[in-house]
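Asker: Got a structure for you, written out below as C-alpha cells; questions coming shortly.
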4 protein chains.
Amino acid sequence: MIKIVVAGFKGKMGMTATKMVRDHEGFELVGVLDPHAKETNLNELAEFSTVDVPIFNDKETVVKTVKTDVWIDFTIPSVAYENTRFALEQGIRPVVGTTGFSETEVNELVNLSQKQALGGLIAPNFAIGAVLMMQFSAKAAKYFPDVEIIEMHHDNKLDAPSGTAIKTAEMIYAERGEHQQGHPDEKESIPGARGADYHGMKIHSVRLPGLVAHQQVQFGSTGEGLTIRHDSYDRASFMTGVALGCEKVMDLKELVYGLENLL
Amino acid sequence: MIKIVVAGFKGKMGMTATKMVRDHEGFELVGVLDPHAKETNLNELAEFSTVDVPIFNDKETVVKTVKTDVWIDFTIPSVAYENTRFALEQGIRPVVGTTGFSETEVNELVNLSQKQALGGLIAPNFAIGAVLMMQFSAKAAKYFPDVEIIEMHHDNKLDAPSGTAIKTAEMIYAERGEHQQGHPDEKESIPGARGADYHGMKIHSVRLPGLVAHQQVQFGSTGEGLTIRHDSYDRASFMTGVALGCEKVMDLKELVYGLENLL
Amino acid sequence: MIKIVVAGFKGKMGMTATKMVRDHEGFELVGVLDPHAKETNLNELAEFSTVDVPIFNDKETVVKTVKTDVWIDFTIPSVAYENTRFALEQGIRPVVGTTGFSETEVNELVNLSQKQALGGLIAPNFAIGAVLMMQFSAKAAKYFPDVEIIEMHHDNKLDAPSGTAIKTAEMIYAERGEHQQGHPDEKESIPGARGADYHGMKIHSVRLPGLVAHQQVQFGSTGEGLTIRHDSYDRASFMTGVALGCEKVMDLKELVYGLENLL
Amino acid sequence: MIKIVVAGFKGKMGMTATKMVRDHEGFELVGVLDPHAKETNLNELAEFSTVDVPIFNDKETVVKTVKTDVWIDFTIPSVAYENTRFALEQGIRPVVGTTGFSETEVNELVNLSQKQALGGLIAPNFAIGAVLMMQFSAKAAKYFPDVEIIEMHHDNKLDAPSGTAIKTAEMIYAERGEHQQGHPDEKESIPGARGADYHGMKIHSVRLPGLVAHQQVQFGSTGEGLTIRHDSYDRASFMTGVALGCEKVMDLKELVYGLENLL
C-alpha cells in the first residue's frame, strides 16, 4: 500500500484525486491539505462521511503527524513550487499537476530529487490518452511527413489552436522538421480555409456546443492514411495518469517532467 | 428497356457512362457519339470488343439511324447546350453532366422541355451520396444552427474550400441564416485556426496525399452532436446517379436542374 | 410566453426539464407537481432559491390554481396515462416523455385530443439528433441499400444491440426491405465477427468504458460511402427536443406520437 | 544510388515496384526478371518506352550481367525461397514481399544472412501505416486494456475478421493478456451483436461496397477514448514500405522478418 497525501484537495482536480486515492486498492489516503479548510477530518464532509482521514492546514503538520510516500499536489502556482521542494526535502515523492513552473524551478527540483535519489513527477497533462496520441504522432511523422491536426472543443473555449494541438505540432516538428504541405499553388477563396500553419503543417480548430475535448491527428501518404484520435469526455480521465504517476515514482530515483517520460 | 445514347463517350466520364449503360440490365446502349472518333463501331475498341454498337460523328445521324429514349451528355460546355436543345427538339430526354450552363440557358431548356412535356436532367454533381449529405445538412441546420464543415481532399487540389463545401454552406445558410458561432471573445494565436467563415459557420479544408474526396458536416447542440459524412473514392460513384437520372426522366414532364430534385 | 407546468419534477428528467423551462426565454414556468413533495415553493430548494413557483401535490389543485398552456410529464408509467388524459380534458397540451404507453392508450389519447382539437406529444425519445439520424438513414436506404450500424456505449450497458439501433434498423427495413449484404460465401473464422443480422443488414455493438452513447449508420455504394453519426454526451441533450415539443404543440390540433412527426 | 533488380516484375505488385524504383531518386533500376518474358528490354513495353533496362529470364544471367545491391522479390511462393537464398549467396540484399515462407525457411535464410553479414527483409505486409497502427495499438493496450477492433472492407472479401485484425489482436493480447470486457451480464438480443471474441477483446467486421481496406482500433478508459485508424485506398501504399526496406537493408547485417522490426 502506497501512503498518499493530497494537497489542494478542495479544488476540482484535488477533490477528484482524493476520491481516486480513496477508491484505489493499492493506495492509502493518509491525509489531505488545504490552508483554508475549517474541517479537521474528511468525515465531516457529506461525500466522505465514512472516510476517517485527517485534514491539515499546513504542510509542516502533515509530516509531523503522518508517514507518507507520495505527495499529490493540485494547488495553485504560487504554492506548488514550495510544496514540491518541501516534499522532496522530507523524503516524500511529489506527483504534481499544478502548472506554471518555470524552467529554472523545474531544474532546481530535479537537482534536489537527484541528491535525495527520490522519484517525482510534474505533469502539465495527466491524460494518458493525450500523451500517447502525441507520442504516436511524433513517431508516425518520421514516415509520414504530411499531417494535419483537427482539434475540437466546446464553444466556450477562448484560444485556438488548443494547447494540446500546439504541443502535438511541436513534437511532430521535432521529428520531421519544416515541410511544405499541400499544393504550392493552392488558393483560399475564403481566408482561413487551410487552417493555421505551423512549420508547414496545418491545424484546424472546431468549436461547437456539446463537444468536450477531442483531437484528431491525420497523416496521409501515397494510397493510405493513418489517424490518431483522442477523446476526452470527463476530468476523471486525468486520474488514470495520476494513479500511474503515484505507482511509477516509487521506483524512480529522480523527478521527471512530463507524463510522457513514464510511458 | 430504356434505349440510351452517350454523347462525349471518349472522355473519362463518358467512357464510364458507356460502360454503366452497357452493364445495366434495364438499359440498352443504342449508340455513342464523338465528332472526332475514327472508329464506326464500339467493337473496334479493345475494351468493347464484343459490343456491337454504332459510333456516330454528328447528332443528326444519330437520330436518323437509331431510336433512343435518353441522351446522356458528357461533352464540353460549348457543345452541351446545343446537344441538349437538339435532344429535346427530337423528343429525346437529356441527362446532362456537362457543367457551365448559364441561368438563361437552363431556363430556355426548361421552357422547351415543358412545351414538349418531356423529362430531362442537368446535374453539376451526380454523386447521390454528396447530394444526400447536402440535403440532410440543410434539414439538420433547422434544429442545430451550430455547424462546421471539414472537407478533405488529396493535396493536388488547388482551391479551398471545395465547391461542394461552399454549396453545402449555401444550403445551410438558406435554412438557418446568419448565426454567430464560437465564443464572441475567441482568439486565434495562429491565424486561420478557426477556418474560413461563411456567415458565421466555419469551413476547414484538409489536404493530404492519399485522400480522395471526403466531407464531414458536424453539428453540435447541448449535450449532443450530429455528423454527416460523405466519402468519394472513385469517379464510378457518379454512375449510380446517372442511372437514377435515366430512370427518373422517363416519368418527368419537364427538365429539372440538380439531382437533388429527384431524391 | 407559453405557460408550462412540469409533472414529475423531482426525477432526473423532470428536474432537467424544470431548469430548461425556467431558462428558456419563450417559456413561463407556472407550477411543478410531485405527489410526495414536502416543499410548497421551488424557492425552498437550494438550486432554485430565487425561483418563486408553486409546488403542487395533486393535479386537480394545479388547474384550480394556475392557468397553463402545456403540461410536461416525466412521471412514471402508472401515472402518466392518467395525467395525459387529465391534461387534455382540461384543455392543456401534454408533452410527455414517460415511456410505457400501450397502443390502445395512445389511440384513446389521440382520439380525445382530436375531439378537443388540442395539440400534444408523446415521445419515447426526445433527442432531436437521434431522431434526425434515423430519418436520414431511412431516406438514404432508398438509394443505398447496403448499410451497417455501429452503435457504441459505455460498458455497463446490458443489452446489445441498443434500442436505438434496432429502431433505426426497423426504419431502414421499412424503406428497403430484405436485402442480402456481404459476399454470399463470406465466412466467419471467429463467430460474431459479422455482427447481428437484421433482415440482411448488420449491427455491431461496441462497449467500452469512457463512451457515453453513440451510433454510426454507414452506407456503401460503388465508389462512395455515406455515414450518419449521432453522439449523445449528456441527458441535457433531450431538452432541445422537449422545448421544440412545447412550441409545436401550440399549433397542432391533435396529439402525435414520436418526435419524428414534428421534424 | 542503390542499384536494384526487381524479380517478378510482370505481376501487379512487381510492376508497381518497378515503377517505384524507376521514379525514386535514390534508386537505380539495373534489371528486371521474369522467366516467361519475351521482351529483352523494358523499353519494348508501352509504359516504359523511354526506360532502357534489361529484362532477364533467369537469375544466373542477372548476376553475370549487372552489379546490384538489392533484390526486390514479388514472385510466387515456390520460387521466392530459391531466389532469396540465391541473392544472399551472391552478396545481394533481398527485399521480399512474396508470402508463404515456412518458419524453417525463414530461419535458414536468417542464418545464411548472418554468415554473409548481409541485410535483408521478408515482409508479409509492406504498408507502413498498418504496421504503425499495430505497434501503437500494442503499446496503448498496456495502459488501456479495454479495446475493440472495427475493420471495414469491400463486400467481396470472404474472410472475417481480416488477417490484419487478427494480427493486431494477437499483438494486443501479447501486451495485456486475457481481459474480460463489457458488463459480465450483457446479453445479445440478436446473436453476433457484440462481435467476435478474441481473449476478451471484440472484433467487428464491416463489409460494404465502396470501401477499400480500413481498420479502427478503439480504446476506452474512464472519461476518455483513444482511437487509431488506418485507411488503405490503393496498392501503391505498399511502395513506401518497399522503398524504406531497400534503404534500411543497406545498413543491416542480417535478414529480418517483418517490416515492424525496421520502424
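Including glycine, each Cβ sits where the backbone N, Cα and C put it.
Sharing the feature lines straight out of TrEMBL:
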DOMAIN    C:2-126  domain 'Dihydrodipicolinate reductase N-terminal'
BINDING   C:Gly8, C:Phe9, C:Lys10, C:Gly11, C:Lys12, C:Met13, C:Asp34, C:Gly97, C:Thr98, C:Thr99, C:Ala123, C:Pro124, C:Asn125, C:Phe126  NAD(+) binding site
BINDING   C:Lys38  NADP(+) binding site
DOMAIN    C:129-263  domain 'Dihydrodipicolinate reductase C-terminal'
ACT_SITE  C:His153  active site, proton donor/acceptor
BINDING   C:His154, C:Gly163, C:Thr164  (S)-2,3,4,5-tetrahydrodipicolinate binding site
ACT_SITE  C:Lys157  active site, proton donor
Asker: Using C-alpha atoms, which one of the binding-site residues C:Gly8, C:Lys38, C:Thr98, C:Asn125, C:Gly163 comes nearest to the residue listed as 'active site, proton donor'?
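Answerer: Sorting the binding-site residues by distance from the residue listed as 'active site, proton donor', the top entry is C:Gly163.
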Asker: Roughly how many Å separate the Cα of C:His154 ((S)-2,3,4,5-tetrahydrodipicolinate binding site) from that of C:Asn125 (NAD(+) binding site), to the nearest whole number?
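Answerer: Taking the Cα atoms only, C:His154 ((S)-2,3,4,5-tetrahydrodipicolinate binding site) lies 19 Å from C:Asn125 (NAD(+) binding site).
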Asker: Could you count the residues of the domain 'Dihydrodipicolinate reductase N-terminal' (C:2-126) that DSSP puts in helix, in strand and in coil?
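Answerer: Counts, helix then strand then coil: 52 helix, 28 strand, 45 coil.
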Asker: Around the (S)-2,3,4,5-tetrahydrodipicolinate site recorded as C:His154, C:Gly163, C:Thr164, what other same-chain residues have a C-beta within 8 angstroms of the site's C-beta center?
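Answerer: Along the chain, the qualifying residues are C:Glu151, C:His153, C:Lys157, C:Asp159, C:Ser162, C:Ala165, C:Ala213, C:Gln215.
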Asker: When DSSP states are folded down to helix, strand and coil, where does C:Thr164 ((S)-2,3,4,5-tetrahydrodipicolinate binding site) land?
Answerer: helix
Asker: In the three-state scheme derived from DSSP, which category covers the residue listed as 'active site, proton donor/acceptor'?
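Answerer: DSSP assigns the residue listed as 'active site, proton donor/acceptor' to strand.
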Asker: May I ask which residues of the same chain, at least 6 positions away in sequence, place their Cβ under 8 angstroms from the Cβ of C:Gly163 ((S)-2,3,4,5-tetrahydrodipicolinate binding site)?
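Answerer: Expected: none.
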Asker: List the same-chain residues at least 6 positions away in sequence whose Cβ sits under 8 Å from the Cβ of C:His153 (active site, proton donor/acceptor), in sequence order, or say none.
Answerer: C:Ser162, C:Ser205, C:Val206, C:Arg207, C:Leu211, C:Val212, C:Ala213, C:His214
Asker: What subset of the recorded positions C:Lys12, C:Lys38, C:Ala123, C:Asn125, C:Lys157, C:Thr164 has a Cβ sitting under 8 Å from a Cβ of chain D?
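Answerer: Answer, by Cβ distance to chain D: C:Lys157.
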Asker: Identify, among the binding-site residues C:Lys10, C:Lys38, the residue whose Cβ has the fewest other Cβ atoms within 10 Å in this structure.
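Answerer: Result for the binding-site residues C:Lys10, C:Lys38: minimum number of other Cβ atoms within 10 Å at C:Lys38.
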Asker: When you measure from the Cβ of C:Asp34 (NAD(+) binding site), how many other Cβ atoms are you left with inside 10 Å?
Answerer: 19
Asker: Among all protein chains shown, how many Cβ atoms are found within 10 Å of the Cβ of C:Asn125 (NAD(+) binding site), not counting that one?
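Answerer: Other Cβ atoms within 10 Å of C:Asn125 (NAD(+) binding site): 18.
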Asker: Please list, for the domain 'Dihydrodipicolinate reductase C-terminal' (C:129-263), how many residues fall into helix, strand and coil according to DSSP.
Answerer: 47 helix, 42 strand, 46 coil
Asker: Tell me which residues of the chain lie with their Cβ under 8 angstroms from that of C:Thr164 ((S)-2,3,4,5-tetrahydrodipicolinate binding site), as long as they are six or more apart in sequence?
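Answerer: When sequence neighbours closer than 6 are ignored, C:Thr164 ((S)-2,3,4,5-tetrahydrodipicolinate binding site) has C:Asn125, C:Ala130, C:Met134, C:Glu151, C:Ala213, C:Gln215 within Cβ distance under 8 Å.
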Asker: Write down the Cα-Cα distance for C:Ala123 (NAD(+) binding site) and C:Lys38 (NADP(+) binding site), rounded and given in Å.
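Answerer: Distance (Cα to Cα, whole Å): 29 Å.
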